[in-house]
Number of protein chains: 2
Amino acid sequence: MVGMRGAYGGACNDDSKSRLHGGKAAEPEIASMAVHKVAPPPARSTASKMKVRVKETFFPDDPFRAFKGQPPGTQWLMAVRYLFPILDWVPSYSLSLFKSDLVAGLTIASLAIPQGISYAKLASLPPIIGLYSSFVPPMVYAVLGSSRDLAVGPVSISSLIMGSMLRQAVSPTAEPTLFLQLAFTSTLFAGLVQASLGILRLGFVIDFLSKATLVGFMAGAAIIVALQQLKALLGIVHFTTEMGIVPVMASVFHHTSEWSWQTILMGVCFLVFLLSARHVSIRWPKLFWVSACAPLASVTISTLLVFLFKAQNHGISIIGQLKCGLNRPSWDKLLFDTAYLGLTMKTGLVTGIISLTEGIAVGRTFASLKDYQIDGNKEMMAIGLMNVVGSCTSCYVTTGAFSRSAVNHNAGCKTAMSNVIMALTVMVTLLFLMPLFVYTPNVVLGAIIIAAVIGLIDFPAVYHIWKMDKMDFLVCVCAFAGVIFISVQEGLAIAVGISIFRVLMQITRPKMMVQGNIKGTDIYRDLHHYKEAQRVSGFLILAIEAPINFANSNYLNERIKRWIEEESFEQDKHTELHFIILDLSAVPAIDTSGIAFLIDIKKSIEKRGLELVLVNPTGEVMEKIQRANEAENYFRPDCLYLTTGEAIASLSALAKMTKP
Amino acid sequence: MVGMRGAYGGACNDDSKSRLHGGKAAEPEIASMAVHKVAPPPARSTASKMKVRVKETFFPDDPFRAFKGQPPGTQWLMAVRYLFPILDWVPSYSLSLFKSDLVAGLTIASLAIPQGISYAKLASLPPIIGLYSSFVPPMVYAVLGSSRDLAVGPVSISSLIMGSMLRQAVSPTAEPTLFLQLAFTSTLFAGLVQASLGILRLGFVIDFLSKATLVGFMAGAAIIVALQQLKALLGIVHFTTEMGIVPVMASVFHHTSEWSWQTILMGVCFLVFLLSARHVSIRWPKLFWVSACAPLASVTISTLLVFLFKAQNHGISIIGQLKCGLNRPSWDKLLFDTAYLGLTMKTGLVTGIISLTEGIAVGRTFASLKDYQIDGNKEMMAIGLMNVVGSCTSCYVTTGAFSRSAVNHNAGCKTAMSNVIMALTVMVTLLFLMPLFVYTPNVVLGAIIIAAVIGLIDFPAVYHIWKMDKMDFLVCVCAFAGVIFISVQEGLAIAVGISIFRVLMQITRPKMMVQGNIKGTDIYRDLHHYKEAQRVSGFLILAIEAPINFANSNYLNERIKRWIEEESFEQDKHTELHFIILDLSAVPAIDTSGIAFLIDIKKSIEKRGLELVLVNPTGEVMEKIQRANEAENYFRPDCLYLTTGEAIASLSALAKMTKP
């Protein structure tokens, strides 16, 4: 202990001294200090390493941990409960829980019915499909889903994307049946994509949609969706089928003749009503029900108005006849014709991933609010299966919606039962109340959509991102601009591309820091960060902060040579550079090119009459260095140290001994 | 000093004690130790940060460094010398240098002439184009290039790729002129791509072709090239135009009737001769000239044989009439017809990047052998310009060839003058010796190509990669398999894809280590790596080794929670976990999602009644943490420490004071 401390003291003295008297070396006793050797990591077979890596990649949450050491019977039970989370809460379900769920369920139902109809129209599908999609999927999710707050149903963005992608190939007005078939088929593929992502434990794929990307994308999509509603809001009949802001605005102002003042008047009134209701609920969270019920209220009121004033004869378009009855089976409608297979698969992939991202994000948000865990991959299976079932029961893509889940949460839902309540309410509507919607004006549906999607534009988040990270802000802006000017999918692709490119750049141009000693201690830190850190004369201490691989070995090579040249100037004249210390503590991995780089830089440093020393190579790096040594002994033990302090101490001692 | 050391001693005692007596806290004096605060990095404007980042990204070698503080006149001179490296050596050029260059130049010429003809045929171009391409580009490179060993001319792989890509659209036999035009145009685009990569300082793009990728790719391409030669070697007339190993072998055995024994006999003899010559030169490097002159010798001998025995009448196909004369200008042949623009651009891009990669790699190799610097981006401009000029003077894609440069180096070349000598020799050939090639049999050209490309299959490198890094080996194998079974371009694309995916995975699933204290010191290292490292009871010390960003924040969140749970078991029963220490030394950067993760994990750790402490956040991370604190004071100074040692020392002191 004392010996050690002496050694450390020596080390410190040495540094301080050498700084004071310009590189005069340390006291003799240091030469005899106990230096810790860099140990090779315990040998492991490639197979076992692979096993660990695969586990970390696909099973980071180690889902089978709980199963270990349980009797087979229990294991079976646990497996079943893992697959059907409903079994976790049903046995202990109580009346008090039911009361809260009932309230929450009815509240989200009153939101789900008008939104269902509206979003279906947004996807150019018959309104009834929207209600179908708010009936079966919630039931399925209640059984399979592990989130207690997720309110399942159709959502604006997926509806928008599906509609726009399918319309590129088929016109919903000209060939409604075909369009419907394609919608169901895409939903099936979306479900399959989602489920397989979960089963194959590839959940991390959606992590590549960063917060910044999503904020920008959502805002852009919200605007696109809102613009689409101008058709309904202005009562325009001949509207463009394109999405971009430019064609839409053009089409709006080319058909000014078609604007109907009655429609506009009604639209504006209800829009104002809905927005102020929304404002109230944001201002006083206890009044969440105001905005929750506003849509249904508007539908009811507007329908009544139309009915009373026969407004349909005064240029206000209405939904029209909707036939009663529950979802019809639709597996016979699934279309695998090669002519459309590519389209449906692509649509399924995009809508699947987008809706999945939304669903998982919502789930995670509320889980962390109520502090319970949800297993991302398990959720994906649930949502995926929900959509597969949906595609066979006349539903289109559904997921957990931000807005509705928030209402569900505020309304005090306790379990997934609230989804069941909602589904049952929708069922009642489907069975008996459909005729009431005959006179519902489309303009109100438009207003409902606008009021809903405005919530997707998250200004505080944008400001936060701008303050935090300018690059993230750029990503956000690109996503936004891409969506509103180019197209929804491409905007997303661009943003993801930039984010990934940025990650790659962090590897290609890794951070390196020149370290100095913090006076009177054994601590070495970045010279540019810590003003009290001082150069150790005779030494250049470099720390690399990235895996060393093919993408950066050339850069590191050039850069280090430049550091050395610059350092040779920096060092005060009467001491010149002797040792280059490369601190590898922050290098988690190294590949063949990386090793080649280490060997090359060592040689060229020695050609300059300097000496290269490696500090604290971590497990994998140390392994590779050893393998390299097998071929030729590049890195002798005496150029590997465990800490910079020890390296400097013993090297200066050495230097002193060699040239007295 | 003494205080410090006391403190450290205290820290160490504390650890050892707390281990011995199960987490009983440290001596009182520690409470009074001098703890180093984590300093915020010096404030810098976004602009200045951007500037630094841009510089590191595009000007890592700081090319303008030398210019600083020079008078304008000198700066101009330096700029000119930067653009025309020839000015560096011409003024001081001496007779002795010339002698070495002459020998080297003549040697590579004797290699370049037969190879030029052969490679042109490989690209389905008239043989003469190959000679043209060995005349102008070397001259241009001698003026612009900064490598002294690069021997410039057509190379097998680029020839192969250009030929195969253009043949997909146009048949060289049916429309030779169009094919030629496309070849020149692709060359122009290749040159433009290369030059612009250099000018835009995007040199790092080629770094994404890792060593492993190239080894696999080269080997695959070599085999494809060799297989193509079976046409000449067996004297087959009707040969497939496809590249893959399967169609080629099929076509070989479907046309057994066309095999001509005379051709096969001649081919085998010369192949054996060339290979044994190659073997000799590998065995005794001083005899490099044996393999260097073998091709020309074979051409001469075989031509004589054919001439004497009138072998062309016995089923041995010959090159035939080649007209004398130097390169004709070909800018009028450049074709920008939209019908072929896409094809030529694509071909230009692929061949450009591939040949550039080869050229730069060769340049770097020999530069490091002779220990002089070459500026990658400058080289790209040189090679690019060389190809642009070439495309206007009837040349196709050229670059520095591995084999020829090696010969050039062994022959003792001193400057780029050897390229000039070679070019002049080729010129003489073009002017006067073309008639001699009339009787040169194609089979010998085939043999020459095979002998040349066999050198591209680098078994030692493959073995080295296998030993070093299994993942790299996988990449290598994929590149190889992709090239020989699918196609040259796709094989390359697959390999690059895998390498990039691997880099992304290193970020998505970053390394984390649980650290322990090395007894009697203040050093903390990976528990799995250092057996002597021991857990500090009451503490869980985690080190993250990657930038924290959107791609891994979810993973880190789940993973850390799992560490904590597992740790709670690990800790011996009579002490439970109090503090989680997150060592951020190896976290170079963090984005908005990363900060969100830090805040989230802190909250959920506190929910478990534990305390989170951050150790040594580096500059950028510290900055972001401060900005986060502006909103709400998440990370108070007392949860930020500079070293793990100090954190543990003062925390255990605290713990003791709080519960005595």
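Glycine too: its Cβ is placed from the backbone N, Cα and C atoms.
Caution: TrEMBL annotation is automatic and unverified by curators.
Feature annotation from TrEMBL assigns domain 'STAS' to A:529-651. Residues of the domain 'STAS' (A:529-651) grouped by DSSP class, helix first, strand second and coil last, total 58 helix, 22 strand, 43 coil.
What TrEMBL records for A:178-202 (among others) is transmembrane segment.
Residues annotated as transmembrane segment in TrEMBL: A:208-227 (among others).
Residues annotated as transmembrane segment in TrEMBL: A:232-253 (among others).
Taken from TrEMBL, the feature transmembrane segment applies to A:259-275 (among others). Long-range contacts of the transmembrane segment (A:259-275) within the same chain: residues 232-236, 291, 294-295, 298, 301-302, 305, 311, 314-317, 441, 443-444, 446-448, 450-451, 454, each at least 6 residues beyond the stretch ends and with a Cβ under 8 Å from a Cβ of the stretch.
Positions annotated as transmembrane segment by TrEMBL: A:287-309 (among others).
Feature annotation from TrEMBL assigns transmembrane segment to A:380-399 (among others).
Under the heading transmembrane segment, TrEMBL lists A:420-438 (among others).
Per TrEMBL, transmembrane segment is recorded for A:444-466 (among others).
Annotation source TrEMBL lists transmembrane segment at A:473-504 (among others).
Below 8 angstroms of C-beta separation, residues 122, 156-157, 160, 243-245, 248-249, 353, 357, 361, 449-450, 453-454, 456-458, 461-462, 465, 469, 472-473, 475-484, 488, 491-492, 495-496, 499-500 of the same chain, each at least six residues beyond the ends of the transmembrane segment (A:208-227), sit close to that stretch. Outside the transmembrane segment (A:444-466), and at least 6 residues removed from its termini, the chain residues within Cβ reach (under 8 Å) are 114-115, 117-119, 121-122, 156-157, 211-212, 215-216, 218-219, 221-223, 225-226, 229-233, 266-267, 270-271, 274-275, 277-278, 294-295, 298-299, 302, 319, 402-403, 472-473, 476. Beyond the transmembrane segment (A:232-253), the same-chain residues lying 6 or more positions past its ends with a Cβ under 8 Å from any Cβ of the stretch are 160, 164, 167, 171, 223-224, 259-260, 262-264, 267, 271, 315-317, 442-443, 445-447, 450, 484-488. In the predicted model, residues of the domain 'STAS' (A:529-651) average a pLDDT of 86.
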